[in-house]
Amino acid sequence: MARSRNRFDRTPFQTAITDLSHDGRGVARRDGEGGKVTFISGALPGEVVVAEPTARSRHFDEAKTVEVLQASPQRVAPRCPHFGVCAGCVLQHLEESQQIVAKQRVLMDNLERIGHVTPQTVLPALVGDTWGYRRKGRFSVRRVEKKDKTLVGFRELDPRFVADLSVCYTVIPQIGEKIPQLAALVEGMDGKRDIPQIEFIAGDDAVALTIRHLQPLSARDEQALVEFAQAHDFAIFLQPGGVDSVHPLWPQEVPLSFRLPKWDVELAFRPLDFIQVNASLNQKMIAHALALLDAKPDDRVLDLFCGLGNFTLPLARTVREVVGVEGDAGLVARARENAQRNGLDNAQFYAADLTQDQRQTAWMRQGFDKLLLDPPRSGAIDVLQQLPLKQFKRIVYVSCHPGSLARDAGYLVNEQGFSLLSAGAMDMFPHTAHVESIAVFEKR
């Protein structure tokens, strides 16, 4: 794909950066206080930079930093040689301690601006491993004829293109240090033009790659994959179609699981299942959530969007009974298997689309003391509007999108009579602009 150039003035300009946007870009107003906003990648608040325009729209412009004339004291040298091109992480130039400060600010701004709520207490930010933490992800794969090579990596800042990566320091080292070998593997395959993506996922004892292929692989290609897996200690899965088409190539039995030692729990999963990306932060997050929920031995807890049972099974070690509800029937099946494997008979699981009417379901009609929920980016407003919320003494809301959390917090506080006791950011994705957070609500 040729890189097109839109017809607008791309002359570099000098400007001062006044703020950091929610997606990690510097914010400038080119014509003074009342000027049009420009979002500038690679720039930090307090800096003076030379930027090159990259896009123009009616309400704002976009640009990239080409020279820093006056640097912020919080600026550091990015570790990654691909910073500024790859979109995998956009905050490596900001000191680590300040990254989470920026994310706290994004969270509080969203709560106030969208939800019109302010927490009584701002929770200290939760942090875990900051390098080599990413145990699940998806690489794009593209054969570039002009370069006569195959690229394997994350998308560039311009999402039309795949970054040509030599290494990735945020991905677990078993994968991040072998990206060139992965690219060479695909380049040597007969079906190199029919492989659009490679997904990776790591348990405590195994690392798996899932190869998406649009046409059947030749016997030669399958053998190349097996030899690569054996040489690098990977498990290889093939995906010729949808999620249900995934099957092992080598070996036939793969022990994919992770352990939560504090609760004596082990969670098994499949190669395309959702798991939390950052293992060290996940364990801290579970302990944090259970403490904030103030879970008691006699409590009955409802866990919505429960997935594999990441919160549900630790809760089952703590409370009298827990009910987990999840929209993905496959994850529900695995959650039940995980409960049985861990000898937990006080955890029930239900498959339900939580964006649809659930008021007549068996689980909805049960009584509970407390609610824990960990919804997708779209939030939980649909199910919150159906729940008999008055029964919950406390609600702990784990969020992967501050905007939807703010909207839902506004509903709970301004329409349902809850207080927002506390909220804080959690750095699940260091060096990215992604904001994970947690909030605690109590009935007034």
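The backbone N, Cα and C atoms fix where each Cβ goes, and this holds for glycine too.
Per Swiss-Prot, domain 'TRAM' is recorded for 5-67, and the stated evidence type is sequence analysis. Feature annotation from Swiss-Prot assigns [4Fe-4S] cluster binding site to Cys80, Cys86, Cys89, Cys168; the stated evidence is sequence analysis. As annotated by Swiss-Prot, S-adenosyl-L-methionine binding site applies to Gln276, Phe305, Asn310, Glu326, Asp353, Asp374, with the evidence given as sequence analysis. Per Swiss-Prot, the feature active site, nucleophile maps to Cys400.
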TODO: With Cys400 (active site, nucleophile) as the reference Cα, tell me which of the binding-site residues Cys86, Cys89, Gln276, Asp353 is the closest one.
DONE: Gln276
Open item on the list: Roughly how many Å lie between the Cα atoms of Glu326 (S-adenosyl-L-methionine binding site) and Cys89 ([4Fe-4S] cluster binding site), rounded to a whole value?
Closed with: 30
Open item on the list: Say we define neighbours as other CB atoms within 10 Å of the CB. Which of the binding-site residues Glu326, Asp353, Asp374 has the fewest?
Closed with: Asp353
Open item on the list: For the domain 'TRAM' (5-67), how many residues does DSSP put in helix, in strand and in coil?
Closed with: 0 helix, 32 strand, 31 coil
- [ ] Measure from the CA atom of Cys86 ([4Fe-4S] cluster binding site) to the CA atom of Asp374 (S-adenosyl-L-methionine binding site) and give the result in Å, rounded to a whole number.
- [x] 29
Task: Close in space, distant in sequence - Gln276 (S-adenosyl-L-methionine binding site), Cβ under 8 Å, 6 or more apart - done: Asn282, Met285, Asn310, Met428
TODO: Could you pull the average pLDDT for the domain 'TRAM' (5-67)?
DONE: 90
Open item on the list: Same chain, not part of Cys80, Cys86, Cys89, Cys168: whose C-beta falls within 8 angstroms of the C-beta centre of the [4Fe-4S] cluster site? Give them in sequence order.
Closed with: His82, Phe83, Gly88, Gln92, Phe154, Ala163, Leu165, Tyr169, Thr170, His431
Open item on the list: In whole Å, how far does the CA atom of Asp353 (S-adenosyl-L-methionine binding site) lie from that of Cys80 ([4Fe-4S] cluster binding site)?
Closed with: 40
Task: Rounded distance in angstrom between the Cα atoms of Cys89 ([4Fe-4S] cluster binding site) and Phe305 (S-adenosyl-L-methionine binding site) - done: 27
Task: Sequence-distant neighbours of Phe305 (S-adenosyl-L-methionine binding site) in its chain (C-beta under 8 A, six or more apart) - done: Val325, Glu326, Gly327, Leu354, Leu373, Asp374, Pro375, Pro376, Ala380
- [ ] Would you please pick out, from the recorded positions Cys89, Cys168, Cys400, the one with the fewest other Cβ atoms within 10 Å of its Cβ?
- [x] Cys400
